[in-house]
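Colleague: Pulled from Swiss-Prot, these are the listed features:
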TOPO_DOM  33-315  topological domain 'Extracellular'
DISULFID  CYS35-CYS80  disulfide bond
DISULFID  CYS64-CYS94  disulfide bond
DISULFID  CYS99-CYS141  disulfide bond
CARBOHYD  ASN114  N-linked glycosylation site
DISULFID  CYS127-CYS157  disulfide bond
DISULFID  CYS162-CYS210  disulfide bond
DISULFID  CYS191-CYS223  disulfide bond
DOMAIN    226-285  domain 'Sushi 4'
DISULFID  CYS228-CYS270  disulfide bond
DISULFID  CYS256-CYS283  disulfide bond
CARBOHYD  SER287  O-linked glycosylation site
CARBOHYD  THR288  O-linked glycosylation site
CARBOHYD  SER289  O-linked glycosylation site
CARBOHYD  THR292  O-linked glycosylation site
CARBOHYD  SER294  O-linked glycosylation site
CARBOHYD  THR296  O-linked glycosylation site
TOPO_DOM  337-370  topological domain 'Cytoplasmic'
Amino acid sequence: MAPPSRRECPSPSWRFPGLLLAALVLLRSSCSDACGPPPTFEAMELTSRPKPYYKVGERVEYDCKKGYHHFAPFLTHSICDRNHTWLPISDEPCVRKVCHYIPNPLHGEAILANGSYSFGNQLHFICNDGYYLIGKEILYCELKGSDAVWSGRPPICQKILCKPPPKINNGKHTFSDVDVFEYLDAVTYSCDPAPGPDPFSLIGESTIYCRDNSVWSGDAPECKVVKCRFPVIENGKQIAGFGKKFYYKATVIFECDEGFHIIGSDTIVCNSNSTWDPPVPKCVKVSTSPATVSPTSSVPGYPNPDEGMLNSLDEWAIALIVIAILVGVAIISFGLHRYLQRRKKKGKADGTAEYATYQSKSATLAEQRS
């Protein structure tokens, strides 16, 4: 009787690949029946930690992010559908939180930079003419915890006021009994009568006004006696600004006598330090040196009467020089030609004489030999 056969177990090396294949099949089937990570939004976020895969029918909940709040009863959850996609939803139910309304300041205006009071936006403030801003010019809508609040208190517009303008010696200004001046209020200065024979002159701007920064538009003027010396010019005379006394801003115009020209400005003005500005000019005699030829006419647009004559004389001189050179060249050429002709004729005559002498000598020698 044959012994019973043994049952052999499959080799582990063969079992491991089978288990791995089965696991892959199960994993693939489970992945194919799942959804990936749920969608993300600007205004909403998941209430739970996201997972890489979700089963069909699994549900996720959303809530508004910081700085947003629920505005409408829309869906705030999504479900993994049978086609392995998420049920579409929107973050429209969550809107930005807004800062409280700030009205226009009295005598001013509040301007929204982006037309909204939601956090992240700005509110600008400006004042009307005659008022200036006290406080911050720009406020920002910011998040403080979970609330939207402004970055500071709203400013106010206050009326522009100036203190009384300064008083001056030997003079006064209008509205001297007013203690406070408003925006663009103006005062005018004037000088008092002088105790002596010469009057006071007002040096500077006579009128100043209250500006937008609560200061006056300029310094106060000065009242003092300004008197310039009588202007004297040799070899010349005044033609305008005549007078016996010359006070502040007096203007004098000069001209020189015939045969003299002016050195300096022909117009001078008496300035605030009692001197002429620029200084009184001088009249200097016109030089008659032959090296300097004065033009007959200095009026622009009119020709010099001698200019045409000089130009015509220059042209005739050049023409005569050219003609003389041409005549000289012609004479030299003709003389050289005659000289060469004479040399040629003389050479021919000398040759003939020498040939005759040579023939006579030859005949004599022949006779002697015979």
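Placement of Cβ uses the backbone N, Cα and C atoms for every residue, glycine included.
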Colleague: Which state, by DSSP, holds CYS99 (disulfide bond): helix, strand or coil?
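Modeller: Note: CYS99 (disulfide bond) is coil by DSSP, not helix or strand.
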Colleague: With Cβ-Cβ distance below 8 Å and at least 6 positions apart along the chain, what are the contacts of CYS35 (disulfide bond)? List them in sequence order.
Modeller: TYR53, TYR54, LYS55, VAL56, GLU58, CYS80, ASP81, HIS84, THR85, TRP86
Colleague: How big is the Cα-to-Cα gap, in Å, between CYS191 (disulfide bond) and CYS256 (disulfide bond)?
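Modeller: Answer for this pair: 38 Å between alpha carbons.
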Colleague: To the nearest Å, how far is the Cα of CYS141 (disulfide bond) from the Cα of CYS223 (disulfide bond)?
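Modeller: Counting only the Cα atoms, the answer is 57 Å.
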Colleague: Take the domain 'Sushi 4' (226-285) and average the pLDDT across it for me.
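Modeller: PLDDT averaged over the stretch: 95.
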Colleague: Nearest by CA distance to CYS94 (disulfide bond): which of the recorded positions is it, out of CYS162, CYS223, CYS256, CYS283, THR288?
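Modeller: The answer is CYS162.
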Colleague: Nearest by CA distance to CYS157 (disulfide bond): which of the recorded positions is it, out of CYS64, CYS283, THR288?
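Modeller: Closest candidate to CYS157 (disulfide bond), judged by Cα separation, is CYS64.
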Colleague: Enter the number of other CB atoms within 10 angstroms of the CB of SER287 (O-linked glycosylation site).
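Modeller: Its Cβ has 9 other Cβ atoms within 10 Å.
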Colleague: Inside 10 Å of the Cβ of CYS99 (disulfide bond), count up the other Cβ atoms and send me the figure.
Modeller: 21
